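Taken from TrEMBL, the feature Mg(2+) 3 binding site applies to Asp42, Asp87, Asp238. Taken from TrEMBL, the feature Mg(2+) 4 binding site covers Asp42, Ser56, Asp87. TrEMBL lists Thr57, Asp58, Asp135 with the feature Mg(2+) 1 binding site. The Mg(2+) 2 binding site annotation in TrEMBL covers Asp58, Asp87. Positions annotated as substrate binding site by TrEMBL: His65, Glu291, Trp343. TrEMBL lists Tyr117, Gly134, Asp135, Arg161, Ser240 with the feature ATP binding site. According to TrEMBL, the Mg(2+) 5 binding site annotation covers Asp241. Annotation comment: TrEMBL describes 40-152 as domain 'PurM-like N-terminal'. Annotation comment: TrEMBL describes 165-326 as domain 'PurM-like C-terminal'.
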Amino acid sequence: MIEEKAPTRTSLAELGEFGLIKHLTEGFELKNPSSRKGIGDDAAVIDFKGEKTLVSTDLLIEGVHFDLSYVPLKHLGYKAVMVNLSDIYAMNASASQITVSIAVSNRFPLEALEELYAGIRLACEIYNVDLVGGDTTSSTRGLIISVTAIGHAPEKKIVYRNGAKPNDLIVVSGDIGGAYLGLQVLEREKAVFEVNPNMQPDLADYTYIIERQLKPEARKDVPPMLSELGIKPTAMMDISDGLSSDILHICTQSGVGCRIYEEKLPLDPQVISTCEEFNLDSTTIALNGGEDYELLFTIAQKDYDKIKGNPHFSVIGYITEKNEGEMLITRSGEPFKIIAKGWNALKE
Ligand code: ADP
Ligand code: MG
């Protein structure tokens, strides 16, 4: 008879703080020449020679930003890195280092943190970034994880949110709305499971959107692609809160308005079919669903030919004078004022 093995649970107290840090971070090797000193001293040392340094940080709290009842820890580690790298790419820069700080309650065994770090490690490998430091401490409840991403770019390549000009084209990479819908599917399955724990979810119809939610990929490929096409966006940011609130950031900071065309919004077929099933309006989801980590940018009209027909990019509208407002033009040609309905951590 084969006995089923219970998963090993090693208490964090057994290792102590330094043992834990060593255990979690061993096997991370420095790959970038700019990483002069990584983990192990009082501070990391980074050298970008003549280039500018970019820094971005995010804080993720259990129960606010993630729910461990359906988010595997490995995915959480991966995603925590992605959301930060995405911010560096959104400046048209390269990401090269991260630091990771965690606060954990003693409810978590070592094996849970190993999973978290397996996701972080995978992200570092695939995205060619070095883990160069962090902090480890205890929390009274739940898991808190903060990642800081560090990157670099020549000053003249950096793209801010404030450079969009009237008549510029508005472009989005990939497709949008999937991550939010993936979350809706996961929440529904969680509710079903709570009623009947024997129910096995069948998620085959939702693989793409669930992956968009659980394992987002930051658009590392976009800055070099734009560079190869000979395009420097006039403004850029990543879509984390949702297209509606993010385009408004560009408009506000650039002092312009915009027209976005409903028919141009890039939607995956699975987003359309799932919206039908959930009785949701796909345009609303594309506008307000967040966490897609695609890039939203504006380009000069003269660059249109360089991007036309490119499968990675969709032109969804154009920038107007500020007094024309921020408008969505529906399929039937009706204009609607765009309002920010994306995720806002301090609202509600
Ligand atoms: P300090 O007392 O100076 O804060 P620590 O003992 O907290 O140093 O950390 C020792 C080394 O391990 C430092 O290089 C720090 O950046 C790194 N480190 C600590 N915690 C983590 C973590 N969770 N992930 C990655 N590196 C970490
Ligand atoms: Mg410390």
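Just so it is clear, glycine is given a Cβ too, placed from its N, Cα and C backbone atoms.
Automatic prediction, not curation, is the source of TrEMBL annotations.
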Site extent for ATP (largest Cα pair distance over Tyr117, Gly134, Asp135, Arg161, Ser240, Å): 33
Neighbourhood of ligand 1 - binding-site residues from Asp42, Asp58, Tyr117, Gly134, Asp135, Glu291 with Cβ under 6 Å: Asp42, Gly134, Asp135
Pairwise Cα distance for Asp87 (Mg(2+) 3 binding site)/Ser240 (ATP binding site) [Å, integer]: 9
Asp241 (Mg(2+) 5 binding site) CB neighbourhood, other CB atoms within 10 A: 21
Candidates near ligand 2 among the binding-site residues Asp58, Asp87, Asp135, Arg161, judged by a Cβ under 6 angstroms: Asp135
Coarse DSSP state, helix versus strand versus coil, of Glu291 (substrate binding site): coil
Rounded Cα-Cα span from Gly134 (ATP binding site) to Asp42 (Mg(2+) 3 binding site), Å: 10
Asp87, Asp135 as binding-site residues, winner by CB count within 10 A: Asp87
Under 8 Å by Cβ from Gly134 (ATP binding site), same chain, sequence gap 6 or more: Ile21, Thr25, Ile39, Thr99, Val100, Ser101, Ile102
DSSP three-state assignment for Asp87 (Mg(2+) 3 binding site): helix
10 Å Cα neighbourhood of His65 (substrate binding site): matching binding-site residues from Ser56, Asp58, Arg161, Asp238, Asp241: none
Least Cβ-crowded entry, counting other Cβ within 10 Å, from the binding-site residues listed as Ser56, Thr57, Ser240: Thr57
